[in-house]
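Here is the structure we will look at, set down as C-alpha cells.
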Amino acid sequence: MQDRTLTAEVTPGDEITVAGWVHEIRDLGGIAFLILRDRSGKIQIKFEKDEMNDEIVQTGLDVPRESVISITGVADDEPRAPTDVEIVPTAIEVLSSADTELPLDPSGKVNADLSTRLDNRTLDLRKKEVKAVFQIRSEVLRAARDAFRELGCTEINTPKIVATGTEGGTELFPITYFGEEAFMNQSPQLFKQLMIGSGLERVFEIGPIFRAEEHNTPRHLNEATSIDFESAFINHAEAMDACEYVVTAAYQGVAENCITELETLGLRDGFSVPDESFPRISYQEAIERINATGELDEQLVWGDDLPTDGERALGADVGSHYFITDWPSEIKPFYIKDHDDDKTLSTGFDMMHPQMELVSGGQREHRYEHLVSGFEQQGLDPEQFDYYTKMFRYGMPPHAGWGLGGERLVMTMLGLENIREAVLFPRDRQRLSP
C-alpha cells in the first residue's frame, strides 16, 4: 500500500488512506466511532450515520475487533479525539476479518495468564505494553552492537551445530547430523577464541545458545540470546571495563531512544543509566558479606557456588551492578586462566545485577600445555577438542572476554517478573510451540 499514511503522521485537511487493526468500536446511536491501531499509534474514525453511505457505515460498525481494515477519508481537527484528529471515511475495505471470539484481549482490559499469552503470542504483541518490551529489546541490541563497534570489534557468526560441547557435561541437546551424533552449541566460547588466533583480535557475536538445563524457573531458558565479546591483548580487568561500557551503552540507548516505551511501561521517571564503574568484589568478600546477612540456612565456605538466595542477599547489600572476581579455580571452566601468583584463584569474573547474574567472563588460558592440563583436570578428553587446542600451537595471543545474557539484561532493566516476557517465543522444558 504505497499510498498508506501512518496514523501518527495524519495531518488535518488531508485526504489520506490509513490501514491497521480495529482496536475498538463505540456505537452511540446517531454517531459511532472506530479506533484504528497501527504500529505508530491510534486514530479515531467517525461515522455519522444519517450523513454517510449506509454501506460504509455498516461495514465499519459490523467488522469484528482486531480485523485488519483500510480506510480512506478526510482528516479533521477534533480536540475530543484521543489524538486530536479524526477521519471521516469515504471508503472502507476489510482486508482480513478476525474471529468474533479471541483467545485473549489485545486491548488489555481483560488480563490473561502468561501461558495463554505465550500460546497466542501474535495477539499478545498487539498490546502496547508487550510491544514496548520488544521495542526496548531491539534498542538494547542495537546499542550493544554500536558499542562493540566503537570498541573496534568485528561481528562474527559461529556454528550452532557442533561435534562437542563447549564445556562438556550433560547440558547439551543431542541431534543426529547426517548419521553422526552432534549437539546444539551451548556457547560460542571456543570459536570466539579461535577468532582471536586468526588475527581479527577483537570480536563480538549476538546469537542463540542452547542449554539442556533442567531448571524451570522465572530466570532460566533452554534457548537464549548470548551477547559475547572477546579481545586479544587484554586482561580480565580490561574485559570488565568493556563489559561496563557495553551494558551502560545499552541503558543509555534505551534512555535516549525509548522514551515513549518507558512511559508505556510506567518506567520513565525511575529509569536511570548505571554509572560506568561497577564495584568489584572478590569471591572471598562475597561469601563473607552473604554470610553476614544471615539470609542463608547454612554458612557458605570456600569453594561453594553462590546460591540464588545468596546472590539476592549480596545484591541487596551492594544495591547496584557489580562484579564478583577471583573465583576459586576449581569451579571455573578449563579455559579460564589462573592468577600467575596464586594458582588457586582464577581470573574469572561474574557481573551481577542485584537480582541475578548477567555476565560470566575472564582471562583465557592461551598457553597450549596449560590448556591441555585444564582439560584433563576437569575430566575432558583434549583429543575431542583438537580443532580448538591445535590452534594454540600456532601462536595464540593473551586474551579475555565474556558472555552476557540478552534476555536477563532486558528482564532486569525493565523489572520483568519472568524472563519469558523478554522472549518472543520462549523455549523451556514445557514449551516447544509456538
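Quick reminder: no glycine exception, Cβ is built from N, Cα and C everywhere.
Copied over from Swiss-Prot:
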type    : residues                                                                               : note
SITE    : PRO82                                                                                  : site 'Important for tRNA non-discrimination'
BINDING : GLU167, ARG211, SER360, ARG364                                                         : L-aspartate binding site
REGION  : 189-192                                                                                : region 'Aspartate'
BINDING : ARG211, ALA212, GLU213, ARG219, HIS220, LEU221, GLU357, GLY405, GLY406, GLU407, ARG408 : ATP binding site
BINDING : GLU357                                                                                 : Mg(2+) 3 binding site
BINDING : GLU357, SER360                                                                         : Mg(2+) 2 binding site
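Mapped onto this structure are the features recorded in Swiss-Prot.
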{"residue": "PRO82", "record": "site 'Important for tRNA non-discrimination'", "DSSP (3 states)": "coil"}
{"residue": "ARG211", "record": "L-aspartate binding site", "DSSP (3 states)": "coil"}
{"residue": "HIS220", "record": "ATP binding site", "DSSP (3 states)": "coil"}
{"residue": "GLU357", "record": "ATP binding site", "DSSP (3 states)": "strand"}
{"residue": "ARG364", "record": "L-aspartate binding site", "DSSP (3 states)": "strand"}
{"residue": "GLY406", "record": "ATP binding site", "DSSP (3 states)": "helix"}
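Looking only at the binding-site residues GLU213, HIS220, GLY406, the one with its C-alpha closest to ARG364 (L-aspartate binding site) is GLY406.
Annotation for the binding-site residues GLU357, SER360: lowest Cβ count within 10 Å of the residue's own Cβ, GLU357.
A gap of 36 Å separates the Cα atoms of PRO82 (site 'Important for tRNA non-discrimination') and GLY406 (ATP binding site).
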